[in-house]
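Under the heading compositional bias 'Polar residues', Swiss-Prot lists 1-14. The N-acetylmethionine annotation in Swiss-Prot covers Met1 and rests on a large-scale study or a structure entry. The phosphoserine annotation in Swiss-Prot covers Ser3, Ser12, Ser19, Ser21, Ser96, Ser149, Ser161, Ser166, Ser192, Ser195. Summarising the annotation, Swiss-Prot assigns phosphothreonine to Thr163, Thr173 and lists a large-scale study or a structure entry as the type of evidence. What Swiss-Prot lists as compositional bias 'Basic and acidic residues' is 175-185.
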Amino acid sequence: MDSAGQDINLNSPNKGLLSDSMTDVPVDTGVAARTPAVEGLTEAEEEELRAELTKVEEEIVTLRQVLAAKERHCGELKRRLGLSTLGELKQNLSRSWHDVQVSSAYVKTSEKLGEWNEKVTQSDLYKKTQETLSQAGQKTSAALSTVGSAISRKLGDMRNSATFKSFEDRVGTIKSKVVGDRENGSDNLPSSAGSGDKPLSDPAPF
């Protein structure tokens, strides 16, 4: 093997091959440094894409600045209209809840829950439980009514008993006596005052 005719350029596609009639072609370092993403593009196409990328990035920066200015203007308008942050939050929550309600997932879940509820209410176990609770409620109401009637009847019997009447008579007698003593005491007040004005008799001599 002739070492003079061997291609020693590591970047050459003819590396390791003998060539008597061809000379080494210089390799473009820019092409060698290209990433696989831009392979197959000409230099003009790459420059055009890079220019377009720069333009889009500048437009994004401009749009962000415009958006920030619009947000400040929107906040100023809300402040002048008296729209508080709490009201805006409530409005956003209401809108979000409405969006949830009209969403397909919520509708499907509601339909599924409705089907389960219908199955449960139509099941024999649910009906038996409902009947048992209804009977228990009726029995409780009847028992309370019976107890109330018994208490009322017992109180009536106590009022009609001789002991209760004797107690009422005693209370009435005591009340009449107290009232009479008060009236008699008020009548004796002037006489007591008059006796106070009467001169005392002389003591008997020894």
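Positions of Cβ are set from backbone N, Cα and C atoms, glycine also.
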Determine the Cβ neighbour count for Ser161 (phosphoserine): the number of other Cβ atoms within 10 Å of its Cβ.
11
What number of additional C-beta atoms lies within 10 angstroms of the C-beta atom of Ser166 (phosphoserine)?
10
